[in-house]
Structures are given as C-alpha cells and as structure tokens.
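Engineer: I am attaching a structure below and will ask some questions about it afterwards.
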Amino acid sequence: MLCARRPVSSVWVRDRRLFLYGYRSALLFTAAARASWNLLPEEGLPVIGFAFWVRGSWPAVRLGECEHRRCSGASRRNLAVGKMPNDTEIRPFRLDTSEDALADLRRRIAATRWPSRELVTDRSQGVQLATMQEVARYWVTDHDWRAFETKLNALPQYTTSIDGVEIHFIHVRSQHEDALPLIMTHGWPGSVVELLGVVGPLTDPTAHGGSPEDAFHLVLPSLPGYGFSGEPTEPGWDSNRMARAWAVLMQRLGYSRYVAQGGDVGAAVTDAMGRQGPEGLLGIHVNLLAGAIGIKDQLPAESAQERAALDALNLFAKDGFGYFLEQSTRPQTIGYSLLDSPVGLAAWMFDHDTDSYYKMSRAFVDGATTGGLTRESIVDNVTLYWLTATGASSARWYWELGRFQAAAMASGQAPPPVAVPVGFTTFPGEIWAAPRSWAEAVYPGLTYFNEADRGGHFAAWEEPELFAAEVRAAFRPLR
C-alpha cells in the first residue's frame with residue numbers, strides 16, 4: 001500500500017519513556033551502522049536515527065492494497081505533494097508488496113488477449129508475438145519479484161520532498177571516506193534497476209579491479225513520476241526542473257562537491273545540470289548525445305564514422321520514433337493501456353530501440369543473455385513500472401520535452417553553455433554511436449571521450465564493469 005504515514009505524535013505521546021529509550025537506542029544503532037558501512041554523512045544521524053525509531057509506526061511502502069495494483073492515483077499524489085511536508089527531512093524507505101498485487105498481476109497476464117502473429121520476420125511491425133508470449137510465460141511461472149524486493153531492500157533507500165514531489169533515492173556511501181559523490185540518473189524505459197549493477201564497482205572499486213582513489217559515494221534517484229518517486233501534479237517538470245531538484249538533493253545530503261552522470265532521459269537531466277552549473281557540481285558524464293537530435297543537420301558528416309552515425313540517427317527518426325512521438329504528444333492516451341495490461345506495458349517498453357530489443361528478445365526466445373540484460377532483471381524492471389502504475393506519469397517527461405523544445409525554437413535562443421567539464425563515452429550499440437566530432441560540437445569543453453568496444457543504449461545495465469571503468473576514467477581528473 002503506497003500510503004501516507006501516521007503522524008508521529010499519535011505514537012510517542014502514549015509512552016514518552018518508551019519514545020526516549022527507543023530514540024536513544026536508534027541513535028546508537030545508526031551511529032554503529034555508519035561506522036560499519038559508511039552509509040550516511042554524520043550530520044544525517046539524528047534525522048535517520050529518529051526515523052529508525054518510528055519505523056514500527058511508519059509502515060513500509062506497500063504496493064497493491066488500495067487497488068488491484070497499489071493505492072489510487074489520488075493516494076499516490078497525496079504521498080507526492082499533499083500529505084508529506086515539503087521540508088528537508090530525509091525518510092528511510094522500504095518496499096513491501098502485497099500478495100494481492102502480485103496475484104492480480106499474474107491473473108491479468110494469464111487473461112491477455114493476444115493479437116495474431118506479425119506478417120514479417122523482423123520487428124518492422126513491432127514487438128514479435130513469440131517474444132511477448134515467452135515473456136508472459138516466464139513472468140507468470142518463473143519470475144520472483146520477492147527476490148528483487150529483497151535485493152532492493154538490502155540497499156539504503158530514502159525519500160525526501162523537493163519542490164512538492166516526494167523523491168525516492170538509493171544512497172550508498174563508500175567505505176573510502178575520500179570518495180567522490182556521484183549522482184546518476186536513469187532513463188526511460190529504465191529505472192534504478194538498470195543502475196544496480198554498477199553500485200558495487202563504483203562504491204567498492206578495490207573489489208572490482210579498481211583502486212581506493214576511484215571510489216564514489218553513490219546517489220541513485222528515481223525520476224519524478226518514475227518508480228517510487230512521487231508523481232508531479234502540475235506541468236513543468238522538464239529536465240531543467242529535475243536538474244534543479246537533483247542539486248537540492250545533493251546539497252541536502254551534505255555534499256559540497258560532486259559529479260553527475262546520466263543516459264537517455266538521465267543524459268538530458270545531467271546535461272541540464274551542466275548548463276545550470278549549480279554550486280558544487282564539478283563535472284558531468286553522459287553516454288547519450290541527446291543534443292544531437294535537434295542539430296543533426298548541423299553536425300559533421302564528412303568521415304565514414306560521421307556518416308554512419310547520421311544514417312543511424314535518421315533511421316531512428318524515421319523508423320524508431322513511434323514511442324517518442326506518442327509520449328511527447330499524447331502520454332495520457334497511451335497511459336490507459338499501459339496501466340491496464342501488463343503485457344501491453346512490457347511490449348511498449350521492449351519496443352524502444354533495435355539493438356536493445358533484439359538483446360532482450362534473445363534473452364527470452366533463445367536464452368542468450370547479453371551481460372546484465374537477463375530475463376530476471378528485464379522483468380524486474382517491467383514489474384516495477386506495473387506495480388507503481390507509472391506508465392503514464394513516466395511518459396509525460398517526453399511531453400514536457402516537446403513543449404520545451406518548441407519554446408526554445410520559437411525563442412531562437414541557443415541553450416546556455418555547459419559550465420563544467422564534460423566526459424562522454426560512446427557505445428557501439430547505442431541508437432546513434434556519436435563520434436568525437438559530434439561530442440565536441442555539442443560540448444566544446446569536452447575533457448574526456450572514449451569509444452567502448454561493446455555495450456548499447458542500456459550500457460550500465462549490459463556492461464556494468466566496463467561502464468564503471470568509463471565513469472572512473474572520466475571523473476579521475478576532477479578529484
């Protein structure tokens with residue numbers, strides 16, 4: 001049940017002595033936890049210690065009791081903006097999904113009305129029937145959501161209210177105290193699921209072939225309207241507003257200097273952070289050249305590599321842009337289907353880009369896994385969207401992007417320059433594998449560039465060790 005928590009006062013007035021004893025015990029426990037695991041800055045101990053004491057009175061966020069999936073939209077909005085204080089408090093978070101929600105999910109999958117088979121042998125008509133039927137079979141008979149729930153709850157998670165929206169984030173502090181704080185942002189149709197594989201390599205590099213000097217304190221927020229973050233109840237939550245929220249989050253966590261990284265939607269948010277240049281931001285790294293779409297006719301196209309990138313970008317705009325156009329113009333319309341059919345939601349999420357689609361499809365049809373893109377993690381990600389009912393709210397970012405781009409074109413003003421050093425890694429399976437000349441055209445202050453030998457759009461998900469190595473290399477000069 002995704003519900004607002006009871007007022008603390010109703011609990012502790014019953015027994016002030018129990019409150020004082022529990023609070024002191026919680027502080028001691030939290031201090032010990034910090035000493036052992038280095039999960040939080042010291043200044044966060046009183047707040048988190050208090051939150052641990054009231055843990056018995058603040059139930060874990062439960063999915064699925066208010067409705068067949070989770071609380072009603074109104075209840076979720078209350079969690080986001082109406083019933084939580086818009087203050088600086090950081091609250092611990094724990095996921096607890098009801099059995100009713102999981103039973104309803106399985107029932108809906110079993111009741112899927114299947115279309116006839118596509119008339120072609122490729123994905124030119126969309127996601128192939130054989131793929132989706134195997135996804136459905138695995139989802140009902142083999143997938144273990146409880147295993148993912150346990151995995152997620154093993155990480156330190158929190159929520160805090162920023163600009164009227166409750167933001168969920170994972171915060172893992174490295175055992176190395178001099179680690180560099182890093183905020184990483186996922187994209188669509190991803191979530192924090194796509195970044196879980198890099199938590200170990202980035203926070204504990206010595207266990208993954210790195211050195212202590214490469215360690216990061218890692219912050220993984222869920223975008224507004226995605227996952228366990230609240231859903232905005234007003235327009236205006238574009239990349240710029242999200243970027244400002246991330247700066248507030250890092251400041252609230254006590255980080256006076258930090259770096260930022262992102263791919264897909266996360267690349268746009270990270271780009272916006274770089275152009276805003278908030279105090280404390282040392283540099284950014286992105287693995288999608290999002291800015292190339294708007295200026296593709298101005299990008300260099302002389303070399304074979306540049307022409308190949310332009311061909312890929314034009315092909316995407318011609319043949320792979322369906323989800324983008326729908327979500328940037330009518331997110332509410334597609335939202336009805338995404339919240340009503342789990343198989344429809346999965347198919348919509350699979351049909352993102354050609355490289356990722358075939359990698360995911362092979363994981364189910366052929367059992368051929370590409371790196372971290374396993375059946376288990378793919379369905380974990382789709383189930384997260386389903387149980388949180390964020391199909392429509394996550395799509396609205398594209399609507400915001402469309403409005404922002406239209407306004408920018410009408411104004412005729414160029415975007416502000418990036419105020420910090422920029423690192424960029426191009427992966428061969430990306431929708432368009434941007435060459436160095438393109439990265440320099442978008443980011444004249446480019447300080448790091450590399451072409452990876454493998455990986456695609458979901459690079460951190462597919463190749464977590466390689467991706468972590470790129471992030472380390474990009475930010476090493478900024479430490």
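Cβ atoms are placed via backbone N, Cα and C, with glycine included.
What TrEMBL says about a protein is an automatic prediction, not a curated fact.
Pulled the feature table from TrEMBL, pasting it below:
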DOMAIN    90-194  domain 'Epoxide hydrolase N-terminal'
ACT_SITE  Asp264  active site, nucleophile
ACT_SITE  Tyr398  active site, proton donor
ACT_SITE  His457  active site, proton acceptor
Engineer: Give the residue counts of the domain 'Epoxide hydrolase N-terminal' (90-194) per reduced DSSP state, in the order helix, strand, coil.
Structural biologist: 37 helix, 26 strand, 42 coil
Engineer: Give me the count of other Cβ atoms within 10 A of the Cβ belonging to Asp264 (active site, nucleophile).
Structural biologist: 24
Engineer: Measuring Cα to Cα, how far is the residue listed as 'active site, proton donor' from His457 (active site, proton acceptor) in Å?
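Structural biologist: So the Cα of His457 (active site, proton acceptor) lies 18 Å away from that of the residue listed as 'active site, proton donor'.
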Engineer: Counting only residues 6+ apart in the same chain, whose Cβ is under 8 Å from the Cβ of His457 (active site, proton acceptor)?
Structural biologist: Gly263, Asp264, Leu288, His352, Asp353, Asp355, Ser356, Phe427, Gly429, Glu430, Ile431
